[in-house]
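Undergrad: Reproduced below are the annotations present in TrEMBL:
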type     : residues           : note
ACT_SITE : 214                : active site, cysteine persulfide intermediate
BINDING  : 68, 71, 72         : heme c 1 binding site
BINDING  : 169, 172, 173, 214 : heme c 2 binding site
DOMAIN   : 45-134             : domain 'Cytochrome c'
SIGNAL   : 1-18               : signal peptide
Ligand code: HEC
Ligand code: HEC
């Protein structure tokens, strides 16, 4: 029996390890309960705000101007599964975009309006609304030659030690998950619940805000929200989390 286990371990060394575990599993029961119940989930007001923005004329737009709704119809059908596929190459530009950047460009191009800034309540609201439509669906970002360079860049950033503490993302989320760090249990650092309501922020934040928080935790200089570095990292993380389902909008400590 023991020999069999050993042989299996040698044959499939990575399989057991590479089964991704959602950050949800590392949360206290009280935090999980907040995510489990849409009425208690403090991120939910943003989904509702997102729905108002989706349905109505964009703030400041002339009467009768197009809205998300007038082109796309109900988000429940038109946006189902969309966020599971992002970040993706934008057909219009050929560039890698995440959901936030895609929404910004929709507002600029299709509504001819000034897009809300990254991390603004309006952008988080539309992001939460659209991500929510993929809840329960598996992460399914693009693979293959066209994104290979982005994935390689993401992996490079993920595994590079940085900051005064000289730690990489991989050091904490790949090698030390399950361990305690200043009141947190370090998870595998997956992206499947964003945007999240984070209790210690007392508000909703994007994945890129989380990246910056982690970089600051090791006293490294963070990149800009929406930067190529963060997009590459986002794609790499979604690929690394393949098998997980979307929980957005999530709740974390
Ligand atoms: C010093 C250890 C440490 C390092 C290094 C670190 N993180 Fe984190 N990270 C944390 C802690 C602690 C949390 C909050 C608890 C948790 O969810 O893991 C967290 C949370 C996260 C989450 C949210 C997980 C969820 O389920 O909501 C993501 C995503 C993440 N980190 C990505 C990264 C990336 C990308 C890097 C590298 C740029 C990085 N982290 C570097 C400690 C670290
Ligand atoms: C004038 C019509 C029009 C308006 C207004 C419009 N869209 Fe779109 N949208 C489209 C079309 C057509 C596409 C597909 C082609 C593309 O990606 O540009 C699209 C694509 C998208 C996608 C990507 C879907 C995918 O499958 O990858 C998202 C997300 C999106 N729109 C969100 C929005 C949001 C949010 C608004 C409101 C702020 C909005 N759109 C307003 C026509 C519109």
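Placement of Cβ uses the backbone N, Cα and C atoms for every residue, glycine included.
So where do these features actually land, and what's packed around them?
TA: Around residue 214 (active site, cysteine persulfide intermediate), the same-chain residues at least 6 positions away in sequence with a Cβ under 8 Å from its Cβ are 169, 172, 189. DSSP gives residue 214 (active site, cysteine persulfide intermediate) a helix state.
Residue 72 (heme c 1 binding site) is surrounded by 16 other CB atoms, counting those within 10 A of its CB over all protein chains shown. Classification of residue 72 (heme c 1 binding site) by DSSP places it within a helix.
Other Cβ atoms within 10 Å of the Cβ of residue 172 (heme c 2 binding site), summed over all protein chains shown, number 20.
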Undergrad: Measuring Cβ to any atom of ligand 1 with a strict under-6 Å cutoff, which of the recorded positions 68, 71, 172, 214 qualify?
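TA: Cβ < 6 Å from ligand 1, in sequence order: 172, 214.
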Undergrad: So, by DSSP, how many helix, strand and coil residues make up the domain 'Cytochrome c' (45-134)?
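TA: Counting residues per DSSP class in the domain 'Cytochrome c' (45-134), I get 47 helix, 4 strand, 39 coil.
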Undergrad: Can you tell me which of these binding-site residues sit near ligand 2, meaning the Cβ is under 6 Å from at least one of its atoms: 68, 71, 169, 173?
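TA: Checking each Cβ against ligand 2, the ones under 6 Å are 68, 71.
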Undergrad: Roughly how many Å separate the Cα of residue 72 (heme c 1 binding site) from that of residue 173 (heme c 2 binding site), to the nearest whole number?
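TA: Just about 38 Å between their Cα atoms.
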Undergrad: My understanding is the cutoff is Cβ-Cβ under 8 Å with a sequence separation of 6 or more in the same chain; which residues meet that for residue 68 (heme c 1 binding site)?
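TA: Counting only residues 6 or more apart in sequence, the Cβ neighbours of residue 68 (heme c 1 binding site) under 8 Å are 53, 54, 55, 75, 106, 126.
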Undergrad: Rounding to the nearest whole angstrom, report the longest C-alpha distance spanning 169, 172, 173, 214, listed for heme c 2.
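TA: The two farthest binding residues have Cα atoms 11 Å apart.
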